[in-house]
Amino acid sequence: MSRMRASLVAALVTLTSLVALTTATTAPAHADECYSWTRTLSSGATGDDVAQLQVRVAGWAGYGVNIAIDGSYGAQTAEAVRGFQAAYGLSADGVAGAATYAKIYELQDADCTPLHFSYAEVDGGCGAGGYSGGSVSAATVQQNLLRAMWRAEALRHRLGDQPLTVTSGFRSQACDRSVGGSGTGQHTYGTALDLVGSSVSLCTIAGNARYAGFGGIYGPGYPDHDDHVHVDIRAGRSWSAPTCGI
Ligand SMILES: [Zn+2]
């Protein structure tokens, strides 16, 4: 009996390895660890796969455009897909198919964060870590942070792949108050990132952020923003960096 079980287990192990091998040769491993698309998407499409796409291309919709993550593939989504495709050297037709998905898979980590940003970099400010104590649930905070990080990835690429460092991401209400905030600002929703660059000026960051889907931008010349650029994904527009002419 135990011998039979042993050969059964051996057979299963072989089968599992075969399946793993087949999977590895047909799809990049990083694709399905996070999210994989199963159909071509274009104007008029609706669904969660459209929303997943919108999260990843939202930083490419154009100057001052902050597209809704609503699962509905409209003109702004098509424009964002075109912008993404052009930025990464793909044929810019505004239709999301295999080439577009392959590029996204290259850019996304297993936890769905973009290549150059991570949850560890944006979680609880004031050294606490985590996503609790904000103005919305921890799950919503993480969802908002993911959306902000994909736009930051777009901004980074727009800057010629210049590294950007997040000096503050999510802040609990208590943390926000302790650093002089209102306690209910954008950082307490996980929608905001404070950025600095190592070899790119704050004004260059702020100027380019206008094209990367950020509704909120505060930089040099705005009170307390001479040493970083604050960007956030609020609906509407609130930009101020007087030193940079913004
Ligand atoms: Zn900020």
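Including glycine, each Cβ sits where the backbone N, Cα and C put it.
Taken straight from TrEMBL:
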- 1-31: signal peptide (SIGNAL)
- 46-104: domain 'Peptidoglycan binding-like' (DOMAIN)
- 131-232: domain 'Peptidase M15A C-terminal' (DOMAIN)
DSSP tally for the domain 'Peptidase M15A C-terminal' (131-232), helix/strand/coil in that order, comes to 39 helix, 18 strand, 45 coil
Confidence over the domain 'Peptidase M15A C-terminal' (131-232), expressed as mean pLDDT on the 0 to 100 scale, is 97
